[in-house]
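For 236-244, 391-396, Asp474, 486-489, Lys591, the entry in Swiss-Prot reads ATP binding site, with the evidence type similarity to another entry. Feature annotation from Swiss-Prot assigns region 'SBD1' to 305-391; the stated evidence is similarity to another entry. Annotation comment: Swiss-Prot describes 392-453 as region 'SBD2', evidence class similarity to another entry.
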Amino acid sequence: MHLNLKSLCSLTLISQAKTSNPFLSFSNCRPFSSLHSGSANLILMELLKEVAKEGSSASVGVAIRADQKSYSYKQLISSAQRICSLLCSTDLKASHKAGKQVTPALINGLSGHGHLGGARVGIVAKPSAEFVTGVLGTWLSGGVAVPLALSYPEAELLHVMTDSDISMILSTEDHQELMQKIAAKTAAQFSLIPPVPSSCSQEGAVDHLQTGDINTDSILHNTEISNENPALIVYTSGTTGKPKGVVHTHKSINAQVQTLAKAWEYTPADQFLHCLPLHHVHGLFNALFAPLYARSTVEFMPKFSVRGIWQRWRESYPTCETKVDDCITVFTGVPTMYTRLIQGYEAMDPELKEASASAAKQLRLMMCGSSALPIPVMQQWQTITGHRLLERYGMTEFVMAISNPLKGERKAGTVGKPFPGVEVRIVAEDENGSDTTGVGELCVRSPSLFKEYWRLPEVTKSSFTDDGFFKTGDAGKVDEDGYYVILGRTSADIMKVGGYKLSALEIESVLLEHPTVEECCVLGLPDKDYGEAVSAIIVPAAEAKKKGEEESKPAISLEELFSWAQHKLAPYKLPTRLFLWDSLPRNAMGKVNKKELKKKLTVEQGV
């Protein structure tokens, strides 16, 4: 059954500067449908039940650290239940229209048993406790969480929101102005996420959350779910044009986090330093959902900082024989991050180098993924820290499928072997057969496979083999030890830039909107820091070319193109290299052979 949240309730939480609690002000609220079933994520079922128990050790454990504050599991789940109640309650309208104060007692009395029927809820927040409670509250209320990228310009946000038919935006105050503006252009409602009180919070209006009061009956009710229900839509980076919505169910999420927690031995003693985006499966699953499932602690660093990471590790391990209580034990990043960390290390004075290397060596686990890790970077990192980075392989559609072992040989240049329960098939390019030794397209069948591409049934169907294997579009092979080697994309139109898979076609379509651009071709050229660099070959329009010649300057500069495009493309999609040509080499069918063009430029540019 498809229910549009707008038709169920128009609930808007808006900041009121003069009210004692600006996050509890409501307007135009109509009742949600209340059905006798909840839709919390399956991975939370046992955790929620355990936390709900009186005196549970799980309840007092630190789940999230952010902005120098700590948040327990009980506080997170209590706050998530309040968000569920806000989304699903019919009582809030009455209290607002009657001019009554919305009190903690009133909120505690809300049932939280509403069911959003799979309505999509956009989550817009920096990495924080509020982001986590926004997702959990959406799941508890029966909604589907759609994390929205903070780096997206307005045009891309509008595409994702319109495509997924988002009915409600949950946002923090720092993104309120932009998201209210965007919500006004769509059918979505807007709500602020109430701040989650930390362990040392003194916020009187929400003191009930400090103790983590939880309606146990409501939690237990809402964890009885249908695990085939959609839970999460994560948008791809746009590998075939516009980004596609990848729908994961409670079942696929559950399968993945259990697999990761077991394979990499996540425990309550682990403390993760998290500096990855939360609209990408690396940041969502590897570094957030799986640690929370294992009752670990996740410490958010909202923006990647070379100095900040090295400093946090040194604080964790002041000497080679000592550590603090909140010491970081696990770190996962993309190759570019490790390149930057190496550069930062090399710029240190000898004494700071010694302290930094000593601290890094004491972490339990360091992992790398989202794009190929250059072997020289792996070797440099191992020399500095003693860690041989654990590489693994995944995609938005199945999260993680292959990994080097936690214990055992981690082979440079490979991504390891399939996880238990995961099947990987290599299909030859002629598609007449498959084997485990030759080169071909990797196809994956896994319990964590996505349900579908959102509202793209034909694309979904064509992405699978008849026997249920997902076609990754990545070329690979298996070495003599059974380790998988990823050779790259099967299409020249796909680029991997700093961990993101980008579509050259999408970027081309935007650049062609520029009045100076007559023709363009976008491809990825090798880059030592980002894997590939977005490179644009442009044929200027005749008038622009003539004007440039008269003024003895290029028809368009990289700076001009960058400045213009940054309002239309996410930062990581912006061209960083520009070539101005008189024409593009095309075949008889009018197509540009990008593979040959890439080879030619790579040789000419010496990259």
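Positions of Cβ are set from backbone N, Cα and C atoms, glycine also.
A map of Swiss-Prot features onto the structure.
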{"residue": "Thr236", "record": "ATP binding site", "CB count, 10 Å": "21"}
{"residue": "Lys242", "record": "ATP binding site", "CB count, 10 Å": "15"}
{"residue": "Glu391", "record": "ATP binding site", "CB count, 10 Å": "23"}
{"residue": "Gly394", "record": "ATP binding site", "CB count, 10 Å": "23"}
{"residue": "Asp474", "record": "ATP binding site", "CB count, 10 Å": "21"}
{"residue": "Gly488", "record": "ATP binding site", "CB count, 10 Å": "14"}
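Per-residue confidence over the region 'SBD2' (392-453) averages out at a pLDDT of 89.
In the three-state DSSP assignment, the secondary structure recorded for Gly394 (ATP binding site) is strand. Secondary structure from DSSP puts Thr236 (ATP binding site) in coil. Under the DSSP three-state reduction, Asp474 (ATP binding site) is assigned to strand.
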